[in-house]
Amino acid sequence: MNIFNNKLQEIDKGIFEIIKHEKTRQNSVIELIASENFVSPAVLEAQGSVLTNKYAEGYSGKRFYNGCEEVDKAENLAIERAKKLFNCKYANVQPHSGSQANQAVYLALMQPGDTVLGMSLDSGGHLTHGSTANMSGKWFNAVSYSVDKETYLIDYDEVERLAILHKPKLLIAGFSAYPRNLDFAKFREIADKVGAYLMADIAHIAGLVAAGEHQSPIPHAHIVTSTTNKTLRGPRGGLILSNDEEIGKKINSALFPGLQGGPLMHIIAAKAVAFLESLQPEYKSYIKQVIINAKALAGSLQERGYDILTGGTDNHIVLVDLRKDGITGKIAANSLDRAGITCNKNAIPFDKTSPFITSGIRLGTPACTTRGFKEKDFVLVGHLIADILDGLKNSEDNSKAEQKVLSEVTKLIKLFPFYD
């Protein structure tokens, strides 16, 4: 069999059908998972290119393999574009994921047993910020700060108190489910009081930072990590930034050979494409619309009587607290899924429900904003979500509401076609 003469449909009908059906699914639902987005055909083209064939251990100009001239150019482009996008002196585009980026920081700056202070998982933090289920909570002495019990906002006084008490080596500012802006300057002030490194994990808000819609952590944090998907609208991957080039040298060594072997050159090329797209004026307009849409979505749900955590949003995330409604996050997310609206169940701060059940749902606006949704469309989406939630409050069988909403979703989604 000559593999170069066969297309996917001919050689592997199973995978071909899976991809086809997933494409249909993405085209036919209202995608509200806050960590998801739709990349451009240009990003897809780079990611699916012959660069996937090339092994390139090491860094540009210092590879362990020959034949790296072209991939060196690709990586250099990605680095220079990332530095320009975030206005920083150092960028590493090799992390395979945001988690790998965070692990590289741990390896570069900490020793096993050192203390790390990060946001608790139930308050909106990430697994890699010290969760006991994660390496960060197993290898290091993890201490967590939370949010205020009344406002659900970060309590910076508590962060400072815990920092003074525990003297962390690393303080983390970042989240996976928090709808408000972060004060990186305040975090740095706290870090300096105890001699800690400050790491800003901007995986969710990188696009907002790049577009100038959120305070940049670059002037404040010693090190910044991110994913390249989500609001950056690039391929799934990681990114590390800094203005401290000495720390950058430590990060380089930690990532390779410390954590990873060969970088994924096709992904790095796709990152370069996404960074170029993010440097265009249209991208700033896109991010502004993402935030406007999130506020419209939150307001629409509030109008229908649903509790929005913190009373609203400053970014792309809307967290719906369902505790007073007697609905679990799992039941709500599953019912919405059947109605053509995709989101995820999410813990609410101080939630006593199992993380597999939860008391809330997390909604996000980046993906549908990419499709072209505007404020009025998200107002409608909010009402459709409320129709499903209302049905769940009144009956265990929500099929009637699901069918009605699915019909409305189908009409709406046809107005915004994207991948052919």
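Cβ atoms here come from the backbone N, Cα and C positions, even for glycine.
Classification of GLY125 ((6S)-5,6,7,8-tetrahydrofolate binding site) by DSSP places it in coil, neither helical nor stranded. Just so you know, the Cβ of GLY125 ((6S)-5,6,7,8-tetrahydrofolate binding site) picks up 24 other Cβ atoms within 10 Å once every protein chain is counted. The (6S)-5,6,7,8-tetrahydrofolate binding site feature in Swiss-Prot is assigned to LEU121, GLY125, HIS126, LEU127, GLU246, SER354, PRO355, PHE356; the stated evidence is sequence analysis.
Spatially close to LYS230 (N6-(pyridoxal phosphate)lysine) yet at least six residues away along the chain are ALA34, SER35, GLU36, ASN37, ALA203, HIS204, ALA206, GLY207, PRO366, judged by Cβ distances under 8 angstroms. Taken residue by residue with DSSP, LYS230 (N6-(pyridoxal phosphate)lysine) is part of a helix. Feature annotation from Swiss-Prot assigns N6-(pyridoxal phosphate)lysine to LYS230; the stated evidence is sequence analysis.
Under the DSSP three-state reduction, PRO355 ((6S)-5,6,7,8-tetrahydrofolate binding site) is assigned to coil, being neither helix nor strand. Under a cutoff of 8 A between CB atoms, and with a sequence separation of 6+ in the same chain, the neighbours of LEU121 ((6S)-5,6,7,8-tetrahydrofolate binding site) are LEU127, HIS129, SER131, SER144, ALA347, PRO355.
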